[in-house]
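Encoded as structure tokens, the structure appears first; notes follow it.
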2 protein chains.
Amino acid sequence: IAKEVAKLLEMKAQLGGDEGKPKFVLKTPKGTRDYGPKQMAIRERVFNAIISCFKRHGAEVIDTPVFELKETLTGKYGEDSKLIYDLKDQGGELLSLRYDLTVPFARYLAMNKITNIKRYHIAKVYRRDNPAMTRGRYREFYQCDFDIAGQFDPMIPDAECLKIVHEILSDLQLGDFVVKVNDRRILDGMFAVCGVPDSKFRTICSSVDKLDKVPWEEVRSEMVGEKGLSPEAADRIGEYVQLHGGLDLIEQLLQDPKLSQNKLAKEGLGDMKLLFEYLTLFGITGKISFDLSLARGLDYYTGVIFEAVLLQQENEHVEELVGVGSVAGGGRYDGLVGMFDPKGRKVPCVGVSIGIERIFSILEQRLEASEEKIRTTETQVLVASAQKKLLEERLKLISELWDAGIKAEMLYKKNPKLLNQLQYCEDTGIPLVAIVGEQELKDGVVKLRIVATREEVSIRRESLVEEIRTRTSQ
Amino acid sequence: IAKEVAKLLEMKAQLGGDEGKPKFVLKTPKGTRDYGPKQMAIRERVFNAIISCFKRHGAEVIDTPVFELKETLTGKYGEDSKLIYDLKDQGGELLSLRYDLTVPFARYLAMNKITNIKRYHIAKVYRRDNPAMTRGRYREFYQCDFDIAGQFDPMIPDAECLKIVHEILSDLQLGDFVVKVNDRRILDGMFAVCGVPDSKFRTICSSVDKLDKVPWEEVRSEMVGEKGLSPEAADRIGEYVQLHGGLDLIEQLLQDPKLSQNKLAKEGLGDMKLLFEYLTLFGITGKISFDLSLARGLDYYTGVIFEAVLLQQENEHVEELVGVGSVAGGGRYDGLVGMFDPKGRKVPCVGVSIGIERIFSILEQRLEASEEKIRTTETQVLVASAQKKLLEERLKLISELWDAGIKAEMLYKKNPKLLNQLQYCEDTGIPLVAIVGEQELKDGVVKLRIVATREEVSIRRESLVEEIRTRTSQ
């Protein structure tokens, strides 16, 4: 056997030697993309805004593996489960790529018996959905999640989640937005008083969830035709789901003769009122809309749900290109952790997820339109030489600068032309050039050139680090 | 059909209602782990050190998808290919999780026709290896890669990669380390003069690669027994691979009657000499060892290769627990990009990959041993109340603080006890408490308590933000 293996390896080595043309398509998988340096610069700006906000609200951070045991994800996503990426069975456990960060978070809490935590998690999730990449819909995309787990007084953490959405969307200056809010209990109560059988709540909820994309008539015919709901029930739902407003609507529904008789709906409306009182104290009700058509498809929500959408701006054609849509969503899921706990112990949770791919798309297109030049490095100084045979001197100087914490580059040529070195600074935005020359070496100085003004000053070698620091600190 | 679907969905909804005990094991997949807030705090320290270094050297940053087309990874990893995770065929493209960041980088360069870039990339990679988690070997782990692509003068970028390894390992204070350096051309030349047939170079190279883990006798018997090498050739290899040193050894081998006759070996030794001259200018040769036993298993290396290992520290039993081993590695791969280019155009590349899981393990255990308390949040102030019925006032104040950019928390209780609020600060390291009370509200002030000293001062509400900033800026 050993000899056979050796033979095969030999054959393979010979084949491997033929490094000819590739026989395959050169691309990233469907629905995915690379991020080049420019895109990364935008991405880091967005991340910084989001992480600052999460930290401002006192969140810790955690991370979980990109895949979970397949059974961990089973039964959590309703009709969306078909979009989960499974790994091939190569022996051992059956694995799936995470579909969101919420289920792994719940698994983490149950596994570590944590009953109280406020954390954020920023990572990629995976959905075998129909990609629409120009509108920022990908199969691999980032979620930025902030969640509060623990038994607390009603609506205080929920209100904070909405405050966070408001802070982040304001901070990123994406234009006008509205955060739609509803409650699963209000929806379920509404379904009950409209005559939807208990067993159809979830599937009818999925239909309502489509109302932001398709008109009511289509949703209605799905309910009646595909899902076997009575036309009367559907019409009653139709009346409710067109309602949206603020505290006034909540008061109105609390007086609604049918809805106010339903225990779940009443609970939900009472909490919604409390939520709006807190949001008033936060001064953000102007952007919040209590909207009975908001459903959200995922199975695990149990209370408040919400979704932030950007509003079309008529005058900025840049944004029309990327379209508008949901950029954040979340809600309360009090039962999910219990599904993982061996004894079914519940940990109430509420959280928000910021979907940044759409935000990227908008900022990317806006940046392209603005022709603003963004730097993709932070290099402070280029170590250059005016004459030949000074590679060793450049290496010595750049090493000194690195060791002093200065961000420095040099061209990887033995004898680069000064013009090329200066051009490199122009191209990449490096503000300073430290030029070594034979005379300067003798004199113990370095010539420092300010790229923007072309000014040149002689700096004593021992003062160079300090000089670069001063000149590159805003 | 629609009715059948509706029925099935009903049944599913009913089953879903039974949120009883889970029937599965509560764990992360084999060879993976969660990072809790404490681990994340350590991880961020390490990342910051590494990213600072990469930015100091003027690198841009990119990101690529977690999976690639399966064929993109085929034929790049030699015997390690069996460790690649494949995704299940769910229709559409065949995909695999990335095995490293180097092959995706080469694919990225070829796809975007980039011939010149210095970039870093920090992301998780996946290997179906035998995990040894206490020693920091996982199936999902981070790589921190820095690579320089482009046609440059010899050994200048290569020397910079070694400088980077030196800077990072010094900065992280992991104890003594050595960076072993060799060159694929020297290895191939050595194999040739020892009488290894061309077709066996790669497989014999894989055997030599094991020398850091198993003794020579075992490697020899694999070469002779399994791979069919003649005992004489093996013994000749055995003599070379025990050599290590610096410039002196390079000079000695340049005089070696056999090796110096081999074109490849001579080229490799010439470049190695140049490399050591540059490393001398960088002042880091003390930690660099030219080592003929260093092979590195991956197929794509073509020139300089290197690997950094931590040295056992006899006196610190903490480090003995986690063992020692390779924490960084890399080398030159001038042919890889050409394997992806339709016309086979080559882009010379050299790069380094920092493997941080072992570094984490060491720092984690060191931290546990030291009993140093690390904060996992950055919260500056807790908004508290001494009396009941002040929830609204707390919400108003915390909202003001958030809007002013202050990192603030409050307990999510309507009427928390002051003692519990102070205890929360002790537990989490929050340095300040802003206490609202009825008298303070009347007077237009807030009581600010310094947790460490228990001192309390009255601050006018309009000066509070400034006061918190001053007291929490180091």
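Heads up, the Cβ atoms here are built off N, Cα and C, so glycines get one too.
No curator has checked TrEMBL annotations; they are predicted automatically.
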TrEMBL has B:Asp100, B:Leu101, B:Thr102, B:Gln143, B:Asp147, B:Arg296, B:Tyr300, B:Tyr301 binding L-histidine. Which one of B:Arg127, B:Arg128, B:Arg135, B:Arg137 is in the same site? B:Arg127
Using only the residues recorded as binding L-histidine (B:Asp100, B:Leu101, B:Thr102, B:Arg127, B:Gln143, B:Asp147, B:Arg296, B:Tyr300, B:Tyr301), report the maximum Cα-Cα distance in Å, whole number please. 21
Taking every residue in the domain 'Aminoacyl-transfer RNA synthetases class-II family profile' (B:31-363), what is their average pLDDT? 92
Least buried by Cβ count (within 10 Å) of the binding-site residues B:Thr102, B:Gln143: B:Gln143
Within a 10 Å radius around the Cβ, which one of these binding-site residues has the most neighbouring Cβ atoms: B:Asp100, B:Arg296, B:Tyr301? B:Tyr301
